[in-house]
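A.B. asks: Structure provided below as structure tokens; questions to follow.
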Amino acid sequence: MDLSIHFSLLCLCCVYALEKDLSYYEILKKSDLNRRVRRSVDPRPQAAIHEVWFESFGRKFHLLLKPSVPLSSDFKASTLHQDGSTTELSINRDIYFEGSSKTDPGSTVHVQWENDLAIISINTKEENYFIEPSWRHTSDHSNDTMIAFRQSDMKWKPEKYSVGVREPLCNATRGTTLTGADNLEDGLRLFPLYDEAGSSTRQKRQTMSYVGTHTVCRLVVVADYYFYQNLGQNDRRTTGEYIIGIIGRVNAIYKGTSWPDSNSNIRNLGFEIAELIVHDSYTPVLPGDLHYNMQSRPQDMGLVLDMFGWEHQKFSPFCLAHLFTYQSFPGKLGLAYIASWRPTDLGGMCSPVAYKDNRRMAANTGLSTYRNPDGSQALIHQATITTAHEFGHNWGSEHDPDTDSCAPSSSSGGRFIMYPSAVSGYEKNNQMFSPCSKEFIYKVVMRKGYDCFKESSESSATGQGLCGNGRLDKNEECDAGYEGDKCCNENCEFRVKIKGQIQCSPMNYACCVNCTVAPRGYPCLDRVDDNFDCKGRSTCKGGLTCPSASFKLDGTSCHKGYGECRNGKCMDPCQQIDRNPCLCKGDDACKTCCYRPNTELCEPLTDKILEDGRPCYDGFCNQGKCKKSESKLIQRLYSIIQSLSIDTIAEFMKNNIVWTVLVLATPVWVVGIVIVEKQDKKKDLKFPTEHEDERIKVLRNGEENILRTRKPVHTRISTA
């Protein structure tokens, strides 16, 4: 086939596959990405700086990268076969990178290579850019081009939700300490495997006010056969490496967040994959039995999560277990158990095994599907946000309430990650946690993080330190990132060495000013008095390390007036009288409630109404009433769609035969016109040289304009 015809058909195929997701994108070829490796004085290969540069969207990009893979030092990967046997799966650790764009100060970049193709995300102050292989979005898996698009080009926008295009992102499942399994409208309530946790453990977790060096939530991730067939292209290695890339992007979101606000030193918390399991076939089951990887699996996401949890023996040693699938579920993209800050509550990070329906089940679980309810595949950016949302539940976050601070309008940055409906991904806040989410997660991390999280492994395969990772490792004088700072150069050495003076980089020490030790009294942790916790400010005392924050005086209000400080801890009203808090139902749902001593009776402590946005039994408080976070309008509209059946559709077509013929014939007619027109114009086109590309513009009438250019191919889709 004529090369120009093949390339035109290829781009046209991309147009039809992506026009509903993107208003504009560009086609890049492998040759458009230029690479080289800049060697470092560090002799280890992983210390070298990798450079990538290319042109797109009328501008140049120059990426500076270093290896970064979110795998633990004891990471293992395996393929699980139909007969239950496993084989070791080899993963290429040398294809994952992170860094920055030299042309965009303050930017962050993540790159994953798939042979000579790339998955790239570039986050800048003005715009976010993405590149991914075209084959994931077309039926032509031999396609060796890539699509490049901007966050602002994405069509999946929040204004569609009001007309029922998207159901809420997930129905989060909460665990509590009840004496039975109670099926609730918004999820499940679980009871613990043992009635009482050890008192010493409970006391330790309640008083632990920091995570220290325990900053990593270790994961076991599982790809089912649905995922393997589609996103993995029936290749075990492609499947595993794609998931690792997703976790790397999610990890960057979490590690870049400070809990509960930007003034906190609780940051750099993230994930490492300890074990990866890939199913290369369906799991056979006996009649009447169920398995999360079975063929013809039910489209009930809650049931699939339960089935996944039945593998509790595999998942108990880990912080979280997550299932990746590619199955459409009615109106949902993910599901996860919510963690509680109370040590006896089940669900979420490091949760003990629970009972449900007289069966043992893991509750530290979640799942994500990258196939939208309409059957289309999620773009890489949407997939990342979906999994980040589910991990947010596992870390203790509720859905964001509809308040100005936690669910702002598009003009104020848009919704945050934990908004109950799927966010578009194109607005500024879509990759960030709201103040509400950060407060929820902060409480859980402060109570459970130290026991649940582990110390971080290094990104390199050897487990050694890596110059440029921003952390001071063995044999480094300093480490201020890829390009250094005014005190430390890119080779992790001090720029100017002064005898007899302690030197440092503020990147590594909070009590470092002008490349040396900060004076006594210098504020290294100058917390905003947000009335949230019971910690005060901290000042330097002549060393490089910032001392622990002082406690606020006992009796000081905390948690925005809801609690009271005692010995540096914020005690809620129930704890102040040695009772346990609970959530009332009905008319008392938005009041402060406690368990009556030695009973399971939940009753109001006072008649005081909780402030708007506070979580309640069925959702969030609004003017003293407990309002569900899910949209009833969306649920009703989706119910109408669900009520349609093959019989009703066939009856409609029979009664409207003329319109049916016209609708079915139109796509064939349009494609025919395009092919004929292109064949006619082909005669007037010369064969392009090896240095030329083609610019293809799809006009409103379906016609193509093909122009010679020396730049990457630009494909604009009419939105009329």
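Here the Cβ of each residue, glycine as well, is placed from N, Cα and C on the backbone.
The following feature annotations were taken from TrEMBL:
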- 215-457: domain 'Peptidase M12B' (DOMAIN)
- HIS389, HIS393, HIS399: Zn(2+) binding site (BINDING)
- GLU390: active site (ACT_SITE)
- 464-554: domain 'Disintegrin' (DOMAIN)
- 657-676: transmembrane segment (TRANSMEM)
A.B. asks: Let's see if you can do this one: DSSP helix, strand and coil counts over the domain 'Disintegrin' (464-554), in that order.
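C.D. replies: Looking at the domain 'Disintegrin' (464-554) with DSSP, the answer is 0 helix, 14 strand, 77 coil.
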A.B. asks: Quick one: pull the CA-CA distance for GLU390 (active site) versus HIS399 (Zn(2+) binding site), whole Å only.
C.D. replies: 10
A.B. asks: Would you count the other C-beta atoms found within 10 angstroms of the C-beta of HIS399 (Zn(2+) binding site) for me?
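C.D. replies: Its Cβ has 30 other Cβ atoms within 10 Å.
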A.B. asks: Would you identify the secondary structure of HIS399 (Zn(2+) binding site) according to DSSP, in three states?
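C.D. replies: Its secondary structure by DSSP: coil.
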